Amino acid sequence: MKIEPGDPVILFSGPNNIYFSQIPKEDQKIPNKQSEANVKNKRLIHNKKGIFDLASCIGKFYGQKLFWDENNKKHWVVLLKPTPELITKSIIHRTQILYRADISLIVLLLDLMPGKRVLECGTGSGSLSYALASSVAPNGHVFTFDFHPQRIQYSMDLFEKTKISDLITVTETDAYSDNAFLVNDPTHSVTEHSIDSVFLDIPSPWNCIHNVTSVIKHFGKLVIFIPSIEQCNKITECLHSSGYMLIRTFEVLTKPWGISFTNSDTADSDDEDPVVTGKQVDNTENLGEYVNYQLPQFNHTGYITVATSNIY
């Protein structure tokens, strides 16, 4: 797929160098990139690898490999189409966000599929919202709520840039007030018992269960992200007394591993490592032996509680 002005793109230079950007409308040549980078021209991404002009992506294809700086052919960059996993790793984290392992289980427990209507309370940086929208596309819808006006605006900008705003309705609300999740919109509205699944990531979820109960369908899935086990006890007791069933709590722990070569000449950086770059190597004897090593691990992120609505 050819990249056009205004398209979103993920710049991938290695597992630890992933950037989300939007291709600019203008593509005229910049005569002095260094001076423009110093004044933070949004067309230019400036880091230790050099200065990358986003306009150079116009007319290229997703999956195509370019060089970070046209004057330095050492550092490469691959143009990738946004996916939920890449969005999570590349966007600015304005709040503590959920990561791939938790998001995967949440999407599974919510029982999402194309056409479903899902409600999220706690938009945050929009990482999970993007994953939810991708799961219910093309004919489903995500209703996401947050109380912070600036975070809402940042999230709406992200959804516009990634071209999924048609799948998401963002609303400012106080989750603990009565009827907080009812949305009277001519295109996408939330009425009583019209939501298939609900996700909560808020400080006191037990204080808004009455609002969830008013909008969730019978046998609908409710998933709650909770940081501490004491809060799990409290929300479980609340769900029992509110008529929910099949209440379970999970903790997701992942242990990532890397594979590299013992020869330091080829394994010094992501730009040189054939395992990362996929570069064909003529003489494998000079690479040394494969080495397995554990990558940085998120030990504890939180607990995920799921329940099924049994309320008519």
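Numbers run from 1 along the shown chain.
Any Cβ shown, glycine's included, is placed from N, Cα and C.
Nobody curates TrEMBL annotations by hand; they come from automatic prediction.
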Listed alongside Ser125, Gly126, Ser127, Leu128, Asp201 for S-adenosyl-L-methionine in TrEMBL, from Asp111, Asp146, Asp185, is Asp146
Ser125, Gly126, Ser127, Leu128, Asp146, Asp201 bind S-adenosyl-L-methionine per the record; greatest CA separation between any two, in Å, is 14
Surrounding the recorded S-adenosyl-L-methionine site, with Cβ no more than 8 Å from the Cβ centroid of Ser125, Gly126, Ser127, Leu128, Asp146, Asp201 and those residues left out, we find Thr95, Ile97, Leu98, Glu120, Gly122, Thr123, Gly124, Ser129, Thr144, Ser155
Ranked by how many other Cβ atoms lie within 10 Å of their Cβ, the binding-site residues Ser125, Ser127 are led by Ser127
Cβ proximity for Asp201 (S-adenosyl-L-methionine binding site), under 8 A, sequence spacing 6+, ordered by residue number, returns Leu98, Glu120, Cys121, Gly122, Gly124, Leu128, Ile224, Phe225
What DSSP gives for Asp146 (S-adenosyl-L-methionine binding site), in three states, is strand
